[in-house]
Amino acid sequence: MVENQRWLDVLAHLTLILGVAVVALPVYLAFVASTHDPSAFVSGLIPLLPGDAMGETYAAVLEGGVKSQMSVPILLMLKNSLIVALLIAFGKIVISILSAYAIVYFRFPFRQLAFWMIFITLMLPVEVRIVPTFKVVADLGLLNSYAGLSVPLIASATATFLFRQVFLTIPDELMEAARIDGAGPFRFFRDVLLPLSRTNIAALFVILFIYGWNQYLWPILVTTDEGFTTIVAGIKRMADVVDSEPLWNYIMATAVLAMMPPVLVVIAMQRLFVKGLVETEK
Amino acid sequence: MAAITIENLGKTYAGGATAVTGIDLDIRDGEFVVLVGPSGCGKSTLLRMIAGLEEITEGTVRIGGREVNRLEPAERDIAMVFQNYALYPHMTVRQNLSYGLKNRRMARAEITRRVDEAARILEIGQYLDRRPRALSGGQRQRVAMGRAIVREPAAFLFDEPLSNLDAKLRVTMRGEIRALQRRLGTTSVYVTHDQLEAMTMADRLVVLRGGRIEQVGTPLDVYRNPVSTFVAQFIGSPSMNLLPGVIDGGTLRLGGARFAGTGAAGPVTVGIRAEDLTIARPDAEGAMAAQLLTVEELGSQRLGYFDIAGERVVAAFPAGQVLRTDMALTVSPARLHLFDTSGCRIAA
């Protein structure tokens, strides 16, 4: 049912352009703001074209030359975010793929119970259980550590479900053929399941990396040592200044830099990502 | 190369449902045995119990004299060909063939030799570097066969391997599998629900029904002497005609005709193969009045569907045979199959 009318085409494009504008305009403005001097954006007239201060702003931000607003160099914050995002993405993938493997392919006592326990965590994101989780993390002595930043965010049901669905679409015959071929549980997992879920792993990695990168509430709660500040939390701290105007050009430059890694991940893994979300060839 | 001995084999699921029960079967070394029956008769379960994919709850399976009840599938020295081929989609044909050998820690040179040999036998040499996705159904089937061959196992197990192929290819592959098996001389157990496949391929047929063995024998033996109305109707195409008759004082009354009958007096079921019915003069002895209903033209022969005393009966005639609406059909008394009311064959 493909309608081929000109005004429909125009309407469709207008809708898309509007959508893109809504999403992209703030990003563009952040970029524009980072290229002007600090006062340009609080004067009441918002410039729509990039200014000429781009080079010095970014150089200053990257070199950590804005001590008045940032006690932590931006490169350290980027490193922290990168470590946390990678830990969360890899940790989640490893844990979920293993638990999905157990749930789908093994018959053990209380399998259903285990399944429902995992299911229940869907209803309990970090924000809901933030106080008890904080207590546990504090008692474990994990405050101000990469483990404390990432471990509570790693356990999650969504990824387990994704892999469960993937495994359920893999025919049982394949497992039986592997058994006859002398592949034990570990070999079957390594030689058959992992390669067959390659695209799903990639798609999940992209989603989880961005999820980990964009964490805000948990990092500001669990870190007091500024050496563990992540970039997203850091931007907020930059804007919290007393007795002076926030340096919006620096803040926006930091925001633009903070957006880069997720964008790079998406671009680099785009093909696998789309494949993993839409492909169902087994 | 090995014989397979199955004694009193049974499978009961945890829920209490019984899939197969009381199976006794001796499969000789090098024999091609076909398990055949309607869906749900337990033929696949039986095969999977031999393979070790299904747990044995009763009885024993011996392969080459060795009891294998507790052994993993890989330790049973068997190879299996699956209905949906079960090729590893992410591996090339060569990797598919060598995976099982690699897991056995076989020397690389030996793996290469065996894979090349299998590829030569099956004529899949030019596909060795392709993925299964790039192959047609028939080619995938060959690869699945190849994976079984390279193992050089004591027995091949086939689980309806041809059911996903189109009719023409199925006939070709049927012949190829049989020729290959003869050449390798490997004991084979083959599951199918297709009686034609069973008839054409088997050294011996095992007809299963409701989890039990109904009859074991060579295809011709089963065709000529079915032990029950079930086997009579299941084996052979078109199905055997079954008519109600009565034995009374040494005479069998059937469709208004009389035949010299034997056995105890009482009602019986009479089986007649379509090709055993012949046209008779209406007043001849043993002639049954038959009204022609329809004719099926098969080219090589004509199938006439008749009404004989209210029963629908099919008869096969040579091509070009003239059929009229009102006719008389007869059958040689030696070609009658008599079954008692419970469906068991009455020994002639």
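One is the number of the first residue shown, and numbering goes on along the chain from there.
Note: Cβ is positioned from N, Cα and C throughout, glycine not excepted.
Source: prediction; values computed, not measured.
Features of the protein shown, as given by TrEMBL:
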type	residues	note
DOMAIN	A:78-269	domain 'ABC transmembrane type-1'
TRANSMEM	A:7-31	transmembrane segment
TRANSMEM	A:82-106	transmembrane segment
TRANSMEM	A:113-131	transmembrane segment
TRANSMEM	A:151-171	transmembrane segment
TRANSMEM	A:192-213	transmembrane segment
TRANSMEM	A:247-267	transmembrane segment
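Sequence-distant contacts of the transmembrane segment (A:247-267) (same chain, at least 6 residues past either end, Cβ-Cβ under 8 Å): 27, 30-31, 33-38, 40-42, 53, 57-58, 60-62, 66, 68-70, 74, 78, 81-82, 85, 205-206, 209-210, 213-214, 231-232, 234-235, 238-239, 273. Between the transmembrane segment (A:82-106) and the stretches A:7-31, A:113-131, A:151-171, A:192-213, Cβ pairs under 8 Å are most numerous for A:151-171. Note on the transmembrane segment (A:7-31): residues 46, 50, 252, 255-256, 259 of its chain, located 6 or more positions outside it, place their CB under 8 angstroms from a CB of the stretch.
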